[in-house]
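Peer 1: One structure coming up, written as structure tokens, with questions to follow.
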């Protein structure tokens, strides 16, 4: 194939020109071509012949252009998942042999053109259009001549009307004019369908503003809380007195409510004993003769209830001082060494603290409740800390004694 010869590829979207030495009679229509917009424009023919034959060739080219457009739409708008139909091979459009113009008289322009138009609808993929340049912007729905199931009607390529076989120029020109108007209508419909697919900008803006309004409405404070503040009247003296009495009663009730949970905490897990002193004592657990001042227990419960292990540590420190912890063992047993004078901690006190901590943590949903093996470990940690504190205290005391032992030199007067 020479460089000047260009044929149409099966998969490409472009149409290629064919050199003029291509000897097929059907495709040799050099006087018809398309511009960029797909409009048919007439060029000067290479050879001078009958004018009616030239119009027939133009009609043939326009028919191929329209059939190619509709066929392309039908192939691209197939259902998803279905294999698109292949383009059939181009069929030869050969006009029937000319008859004598004197054999039939030319009919009127309008009826003849309408009759021919009904018999020459655009076909679906019958002619792929060698002479048309496909416009990439032309993508629309099938032409209204399609049937209900989406397929275009197929019409025989040969024209059945006698008027098409004759050489009446007025009829042929009318057919060509209607084909051109058909092309324009298809382009207008393509632009309309593209505009329908894109929503207008005003609609998008209105939807966005509606969404923003909904979000603002959610953030607004309900008006019920604002109404009593805005509607207020100046109360009289009697109303003020009534309000003061009601406020005092409410404050007393609130104070009772605040004190009752604290008392319930202690009463539920400890027994309060009446004593002549102002500060009553609380028995931590039943069956254990372990008592603690109520004020001290309340302060521990209000400050150290983040975890059960921390509460247990603070209660142990409240019952045992550093010297007792430093000279004790956590499990209550005596060390067997010769010079080891450590004794076990009082298991009565440790047991009461343990029972109180378990009940309090389970009732108030306190996290980090010590496990069965954690109690002894916590006691060992407290013993080590007490020893460190005593050691630091002894070192500080020794340093203070050394400073006191250094006497200032006497001054001679």
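Yeah, the Cβs are placed from backbone N, Cα and C, and that goes for glycine too.
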Peer 1: According to Swiss-Prot, region 'Disordered' applies to one of these ranges: 172-207, 208-243, 244-279. Which one is it?
Peer 2: 208-243
Peer 1: Among the residues 41, 56, 79, 368, which does Swiss-Prot list with the feature SUMO2 cross-link?
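Peer 2: Checking Swiss-Prot against 41, 56, 79, 368, the SUMO2 cross-link entry points to 56.
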Peer 1: Which residue does Swiss-Prot record as SUMO2 cross-link, given the choices 16, 333, 343?
Peer 2: 16
Peer 1: Between 102, 108, 113, 328, which does Swiss-Prot record as phosphoserine?
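Peer 2: Of the listed residues, Swiss-Prot records phosphoserine for 328.
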Peer 1: Can you check which of 11, 85 Swiss-Prot annotates as SUMO2 cross-link?
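Peer 2: That would be 85, per the SUMO2 cross-link annotation in Swiss-Prot.
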Peer 1: According to Swiss-Prot, one residue in 171, 324, 357 is annotated as phosphothreonine; name it.
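Peer 2: Annotation hit in Swiss-Prot: 324.
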Peer 1: I'd like to know the mean pLDDT over the domain 'BEN' (287-392).
Peer 2: 82
Peer 1: Among the modified residues listed here, 324, 328, which has the most company in the form of other Cβ atoms within 10 Å of its Cβ?
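Peer 2: Going through 324, 328 one by one, the largest Cβ count within 10 Å is at 328.
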Peer 1: Counting across all protein chains shown, how many other Cβ atoms sit within 10 Å of the Cβ of residue 56 (SUMO2 cross-link)?
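Peer 2: A count of 22.
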Peer 1: Tally of helix, strand and coil residues over the domain 'BEN' (287-392) according to DSSP?
Peer 2: 64 helix, 7 strand, 35 coil
